[in-house]
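Listed in TrEMBL:
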- His274: active site, nucleophile (ACT_SITE)
- His502: active site, proton donor/acceptor (ACT_SITE)
- Lys276, Lys504: substrate binding site (BINDING)
- 136-148: compositional bias 'Basic and acidic residues' (COMPBIAS)
- 1-156: region 'Disordered' (REGION)
- Ser527: site 'Interaction with DNA' (SITE)
Amino acid sequence: MSQASLHGKWTVSSSDDDDEVLPPSGTATPKSRRPAESSRVSSRSPSPVPEPAPPEVKAEPDSPPVFALAVGSEARQSAVRNPVKFETSPSLSGKRKKEPSGGSGWALSDSDDEDDAEGKRSSQSKLPNRAAPNGEAKKPKVESERPPSPHGRLYYKDEPDDFFETSFPCLNDTYRFYLNKVTGLDRKFNSGALHIRDILSPLFGTLKESVQFNYCFDIPWMVKQFPSEFRHCPVLIVHGDKREAKARLLQQGQPFPHVRFCQAKLDIAFGTHHTKMMLLWYEEGFRVIILTSNLIRADWYQKTQGMWMSPLFPRLPEGSSESSGESPTFFKRDLLEYLASYRTPELDEWIERIKEHDLSETRVYLVASTPGRYVGADMERWGHLRLRKLLCDHTNPIPDEERWPVIGQFSSIGSMGMDKTKWLAGEFQRTLTTLGKSSFRSDPPIHLLYPSVEDVRTSLEGYPAGGSLPYSIQTAQKQIWLHSYFHRWKARRTGRTHAMPHIKTYMRVSPDSTQLAWFLVTSANLSKAAWGALEKNNTQIMVRSYELGVLYVPSAFSLKTFPIDTNPFPASSSSTFGFPVPFDLPPTSYSPTDQPWIWNIPYSQEPDTHSNVWVPS
C-alpha cells in the first residue's frame, strides 16, 4: 500500500484499518551493529572478516553502518521492508522509554501517545517476558551490552571545564527563558545557555533538597550532575512508570539511598507523566525550573532544549498569611494546585514549603495538564482550555490579527483524525488564535515546525537524533493532510540548526516576524493526550497526560507586544527587551520534495553525518 502526498511517498504492507501499535513515544532504541563495540564503521573501508552470527544485522560489504530500530510487534515489523538482512532476535515491542542497563539513555527522550487503544493493547500484550524464538528462556540483560550512545562508546565526549559556568553567568533576567548548552557549537552560541551542571551548581544557591519531575531518567548520570558538595542531598523522583519500567527505575536508584521515588497516578489509559520540572530548596530560598529535557545525557548533549528558571524566591517572614507571596500571575496558587493534583503524600511537604516562600516576582503564567475528565468551570483549569482562558483574559486584540500567524513547534505528533477539523483546525486552533475577549474570529495562518528527513540526516547526531522524534508511519499515513502545515527546523540565529529540537514552543508572531503577541514553552507536544480533547458535545474535556509549561504575555511585562531578539547569542550584560525565539523567523515551508521525519521507516539512500543509515526492524 502506498501513501503519497506533496511531501514524500511511503510504502507499508499494512491495512488502512490497522491501529497504531507503536510503543509509547520515547521508546526508540536504534541498536548498534555490534552491541559491545562502536557502531561507527567507515563506509569506505573493506569489511572486516565476518564473525559468526552478528546479533542484529548482517550488512552487505562496504555498506554504511545500519541502525536497527525496534518498532513494535512482529506484525508491525514485517510491515517495514528492510534493505538489509536481520538475524532473528526478540522484538523490543512495547519497551517504554528505557532499558535496564544502568542508564545508557540514548534516543529515548520523548512521549506522546494517544495511539489507538486497541493497537496499544495489542502491542503491550506482547511485551512481558516473551520467550526467545528458539524457545529458550530469555537471558537477562547484561549492563555492558548497550553502548552509551547509538554511535558507540566513544561518541560522548566529556566537555572541558570551561564549557560550564565558573562565575555567575550572564543571563537574560527579563524573561528568564534559556536554551541548553549544545556540545559542538561555537562558544558564542553557548554564552547565556545553561547545562544541567550549571543549574545545579552553587552559583544559584546552596542546595538542601530537590524534586525532579520527568519522563525519562538515568539515575547514575543524574547524580553525577550534582556538584560534589550537593551530591548526597535528598532527591525525590516523580515519575509515571509502572510494572517492569518501574522496577527498572527503582533498581537504578538502589545504589543511591538519598534518592526516593514518587509514582504519579495515571488513571486514564495510555497517558504519560511527561512534565519536566525541578523544585530546588536552598538555604537561601526556593527555585522552580520548568524545562523540556529528560534526565538523560542524550537530552543535554546535542539537542535543542529550553527552560524557564524562576528567580530565587525568599522565605516569607514568620506569621505571614497564606495568601502572602503571590504573584500578579497567580503562579503560586497555580503551582500549589498542580502539585495537589498528584494526590500523593510525598509532595505534601513541598506544598507546605512553597507556601512559606515569596513567589511575587514571577511574571509568567503556569499552563498545566493533569489526567482526568473535567466539566463546568474545571474545564478551564487544565490543557488547551487553560491556555485559551489565559489568552482571553490577559491578551488584547491586535489590528490585522488575521495576518499574525500562529507557530507551533514540537518533537512528537499524536493521532489527530482523518481530517483537520477533528481537532487541530477545530478546538485547538480556536485556542491558539484567541486574543482577548473579542468576538472576532480571525483565521490566521498556522505554521507547524517539525524536522524533515534532511534536517535529521544532517544533524550533529545524524539519524539517531530521529529516535527522539517519534512520528510513526502508522499515524502519518492517516493524517497526510497535516503535512501541508509543516515547516523546516532552521535555527541559524541561535546556532542550533543542526541540534535537533526536543524543545516545544507555541507563539503568535507579527507578519514581519519582529513582534510576539505571546510565547509558550512547554513539555506538551502536538497531541490530544497532552492538550486534551473535548467530549460530550463540548461539555467535557478529557486529558490523558501530565504536562507543564509557562506562558509569557506582554501585559505581565508592561508591554503591548514582545520585540523579538534577532541576535540572542552571545549573551551580553546589556540585557535587551528582545525575546530570544529559539529558531529562525519566518519559518521555511517544506519543499515538494521534503518529507517529515518518520522514525520507523528506512533511510538508506544517503548516509548521515556519521556515515550511518537508518533501518527499522
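Cβ from N, Cα, C; glycine included.
Automated prediction, rather than curation, is the source of TrEMBL annotations.
In this structure, the CA atom of His502 (active site, proton donor/acceptor) is 12 Å away from the CA atom of Lys276 (substrate binding site). In sequence order, Phe213, Asn214, Tyr215, Ile290, Leu291, Thr292, Ser293, Asn294, Ser523, Leu548 are the residues of the chain that are 6 or more apart from Lys276 (substrate binding site) and have a CB within less than 8 Å of its CB. For Lys504 (substrate binding site), applying a Cβ distance below 8 Å and a minimum sequence separation of six or more within one chain yields Thr292, Gln409, Phe410, Ser411, Val521, Thr522, Ser523, Ala524, Asn525, Gly549.
A 10 Å cutoff on Cβ-Cβ distances gives Ser527 (site 'Interaction with DNA') a total of 27 other Cβ atoms nearby, all chains included. Put simply, His274 (active site, nucleophile) is 12 Å from Ser527 (site 'Interaction with DNA') when counted between their Cα atoms. In terms of local Cβ density within 10 Å, His274 ranks first among the active-site residues His274, His502.
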